[in-house]
Amino acid sequence: RKYFKLSKIFQLNSGSLNGVKFSPDGTKIAVSSDTTIRIWDVKLEEEIHVLRGHSATINKLQFSPDNTLIASCSYDKTIRLWNVKLGVELLRLEGHTNAVKSIHFSPDGKNIVSASSDSTIRVWSVQFGQEIKRIEGNLGFLFDVKYSPNGEQIMSFSYTIIQIWDIKSGDIINTLRGHKSQVLAAQFSQNGLFIVSSSSDETIRLWDVISGTQLKQFHAYCKNINNIQFLDEQTIVYHFSKVIRVWDLKAGMEIQQLQEHSNYTTGADVSPDGSTIVSSCQDRAIRLWTH
C-alpha cells in the first residue's frame, strides 16, 4: 500500500480554485480558477501561464495525451483548446446550446468528446475544430463524459444511471443501474475493465464494464463526492469537506486521510505513475502529496 505525505504547496494570491489536473508526463499541473486556467511547472514550483478567454466559470479541463494542449469547457457554452508551451488559445469549439459540463480527449489525442446541459454528447476533431458526431435523444441533463482507455467506448451519466456507448455506432452497450440518487462522479480503471462511481445516495460502487453488473458497494457517509480517481487497479482517491481520502477497493476500507487543507477541497488528481496526488482548495492553495 502507498501512504502519502504533503510535499509541496503552491499558493495563489487571488481567484477561487475549482479543479486541478496533472499533465500526462507529470511535469505540469493546470488549475481552473473562475474563468481562467493557471499552469504550474511542478519542478520549478512556479506559475508559467495564465490562460484567459472564457466568459463564464470553467467546468472541466484536461491536458492532451501528448502534453501540448489543454482543453477546457465552460458555462459559456464553448470548448477551448490552448497551446501549453505558448499559453495562447488555438481553437474555440462552438455548437452546444447550453453549458458544457465535461470534455475528454480520446487516447490518441485526435478527438474530444463533450457533454452538455443541452442533453447532447458531441465528438469534435482536434485537427479541424469541427463536430464530427452527435449523440442525442432522451439523455437527460448530462453531467460528465469520458473515453475508455482503449478509445472504443465512452461513458456518460445522467441522474441515477451510467451509460456506456460504442463510439463508432453511437449505440448504448450497457446501462449501469443501482444508485438511488444523483451520480456525482464516475471513472474508468486504467485497464478499462471497471468503473467506480459515487452518488448523493452516499455510496461508492464498483462496476464490471463488460457485463454491466455491480461488483461492490461501500457506504461513503457523504453526499458530495463529486470527484473520484483510480490510484491503481485496487485503490481509489476522492475528496469531500477538507479531507482527501484513499480507499482500498479489495479490502473495502479507508486506508488514509490527507488532512492538511484549511478549507473545503475543490479538486484532486493522480499523477500518471501513481506516485503523487494533487489537490486544490478554497484556501487558494494547491497541494502535492507524495509517497
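Cβ atoms are placed via backbone N, Cα and C, with glycine included.
TrEMBL does not curate its annotations; it predicts them automatically.
Feature annotations, reproduced from TrEMBL:
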type	residues	note
REPEAT	10-50	repeat 'WD'
REPEAT	51-92	repeat 'WD'
REPEAT	93-134	repeat 'WD'
REPEAT	176-217	repeat 'WD'
REPEAT	258-291	repeat 'WD'
Distal contacts, the repeat 'WD' (10-50) - CB-CB under 8 A, six or more residues away: 56-67, 70, 72, 74, 82, 84, 87, 266-273, 276, 278-282, 284-288
Per-region confidence, the repeat 'WD' (176-217) (mean pLDDT, whole number): 96
